[in-house]
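Worksheet: the structure to be examined is printed underneath.
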2 protein chains.
Amino acid sequence: MGDNLFAILEEGTIVTPKGFKAAGLHCGLKKTDRHDLGAIVCEVPAVAAAVYTTNVFQAAPLKVTRESLADGRLRAIVVNSGNANACTGKQGEEDAYTMRSRAAAEFGVEESDVAVASTGVIGELLKMDRVIAGIEGLPGRLSGAREGAEAFNQAILTTDLVKKEACVTVSVGGVNVTIAGSAKGSGMIHPNMATMLGFVTTDAVIGQEALQQLLRQTADLTFNMITVDGDTSTNDMLIAMASGLAGHDELSPAHPDWEAFASGFQYVCRMLAMAIARDGEGATHLIEVHVNGAETDEDAQAIAKTIIGSSLVKSAVFGADANWGRIIAAVGRAGRPVNPETVDIKIGPISVLEQSRPVAFDEDAALAYLQGDTVNIEVKLHTGSGSATAWGCDLTYDYVRINAAYRT
Amino acid sequence: MGDNLFAILEEGTIVTPKGFKAAGLHCGLKKTDRHDLGAIVCEVPAVAAAVYTTNVFQAAPLKVTRESLADGRLRAIVVNSGNANACTGKQGEEDAYTMRSRAAAEFGVEESDVAVASTGVIGELLKMDRVIAGIEGLPGRLSGAREGAEAFNQAILTTDLVKKEACVTVSVGGVNVTIAGSAKGSGMIHPNMATMLGFVTTDAVIGQEALQQLLRQTADLTFNMITVDGDTSTNDMLIAMASGLAGHDELSPAHPDWEAFASGFQYVCRMLAMAIARDGEGATHLIEVHVNGAETDEDAQAIAKTIIGSSLVKSAVFGADANWGRIIAAVGRAGRPVNPETVDIKIGPISVLEQSRPVAFDEDAALAYLQGDTVNIEVKLHTGSGSATAWGCDLTYDYVRINAAYRT
């Protein structure tokens, strides 16, 4: 994976890459006093790329953001939480355009250089007086210091418990380049960009096509390999902005340091994706599923996602039950080629199935392992060389509690 | 649907059709003293048909039953609960064959006329001494009276709370024909025959091909349209046996009373499927999803199944929350053609979305409706004439409790 090609910046944030500032505040969309409006602003036009939810019903802000991204550059992203502005019809679209135009005016940039993102309840109109007053308060709060990023990170959360960020530096042509990211979960998370927003900033010099391709490939291996509950939302998007202020030779796959850059970029996205899975609604465990020996990587991905999406597997992990029968049942219903006689399964270090036959194992050791914070499930199919990793979380009483009472 | 073409027999059971007896007893596979071994026996060779789980990992009894069904006839079915005899290798296969041969000897029939079914924990060998002693106790308990069916019904349950049966009579050429069924759920239930066993008996005279085709079509509209948690098991099967003792002209799709027979047959399977959904692990509500106006019936089926399978929709129903945003999000991620501007959604009698726009509705009325036993969700797509109905249940604390501690 090339994880030695970059250095982790523990204290880095989305404003660590050169050229970025961020802000966040409470404008009144959330019932609590938590932040619910934020922005990232770049001091120069940034090369930008995005991937969006595959849901047929796409929220109004996605339409507006697609328009802004048409020329491949952005100066600012304005984000609200507490209201998804989805299924809100013409008024919702107008509101998203208004968010864009007011943010552009406040930040002194072109409207077409502003992206808009929203997350929260579906089907209710935004309280635009609050949003507009909030946007007016953003410029004075923009900061290139840690506090700006922290305020932004707070502003994008819904039922998330913790902020999710990651930052690395990588050497490109002898110049230090920084890549950072921030994201929110945490329900409706599934492969294909479920209710999640992700923002990646970098000061790398990179062409739009290269950035878009890297973002798409990376999303498929990271954000699209996590699931909390199998639902995908109307609002998800992942946006990357590259300010170019690091000032090296333009990156492309032909650049000698491309692999280093790509691996750092992927690391940031993987950390964010894993953080979303770990903070899934009600989660008490991060579950990591590795599938090896499938016929193709795509087969391995489909099988890994089926295991990580199984309510029975997720409940078993919550109960610290080494119930490999549910794992193999999930493998068998993924709809991909599997030899029913050659499957090995390990739960952490403990082998529970070899060549599709149960292995006697120490139940106490399994219980102790399953009570840890992270649970690894490894499935070897022995039919090819395809592999994949997926991340998810356990299914708990709290997931039900949170989702039985979210809207009311 | 032709539901007026047959009469419901409230007191009917799987032994009401002429020629059938049943039995059940506790042999010691379950930790409780509930029945865990049962049989249905037909006094003549019955025309038989079956559909099986689509899971790649098929339990040993399925292999044995497929062999017995190869000639399209059966005299007996022997079933155990408490142990699925799945992922048990060569020994598991030998055990399933032993169950078949011992049952054949006890019932005085050919081995190849006996089907074997198992349900319960995966990956543990059957305690064959207990199974064999149990089988020896079955012939003395066989009964054509209600008590035989009740003992059998108990014997097939795992985490089910209630027994599931249905019975109708229909006139074929002026002769009364009876169709009855018995089934078990209740976790790992999903389209494609999840952990569920279903048994249909009838005294109709019908060819094997016609019975197999009817069973397949009916399963697709009933058992394959229910979901509890999206998991499918290694053990599911649905078997139909027709004794022919009603003594009318042989039924086939060309018979003038075919529609009446088929509608009665479908009714029995629908009632069993709905009962499985209603008794899903931890369920407090039956959810019925109707999708109309899809481009094709297959599209409607896929969309209905996506809605009924959504953990967020299921949690919202548990919380009596009219959260239609989650319903439309599920519609949008089903991967089928949908016009995002023309969707209507009703929750029971309450219209919540028209032409994809929220409708102001009485929250108290919605709350009162959602607190009822059955929740209807109706989705109209207005793009074609495809329709489908799916059944499921809410996601509750008890689902998590049951599945966090099943094996241990």
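Just so you know, glycine gets a Cβ as well, placed from its N, Cα and C.
Curation plays no part in TrEMBL annotations; they are all automatic predictions.
Feature annotation from TrEMBL assigns active site, nucleophile to B:T195.
Taken from TrEMBL, the feature substrate binding site covers B:T158, B:K184, B:T195, B:E281, B:N403, B:T408. Contacts of B:K184 (substrate binding site) defined by a Cβ separation under 8 A and a same-chain sequence distance of 6+ are given as B:S81, B:T119, B:I156, B:L157, B:T158, B:D160, B:K164, B:M196, B:L197, B:I276, in order along the sequence.
In this set, none of the binding-site residues among B:T158, B:K184, B:E281 has a C-beta falling under 8 Å from a C-beta of chain A. Every protein chain considered, the tally of other Cβ atoms within 10 Å of the Cβ of B:T158 (substrate binding site) stands at 22. Reduced to three states, the DSSP call for B:K184 (substrate binding site) is strand.
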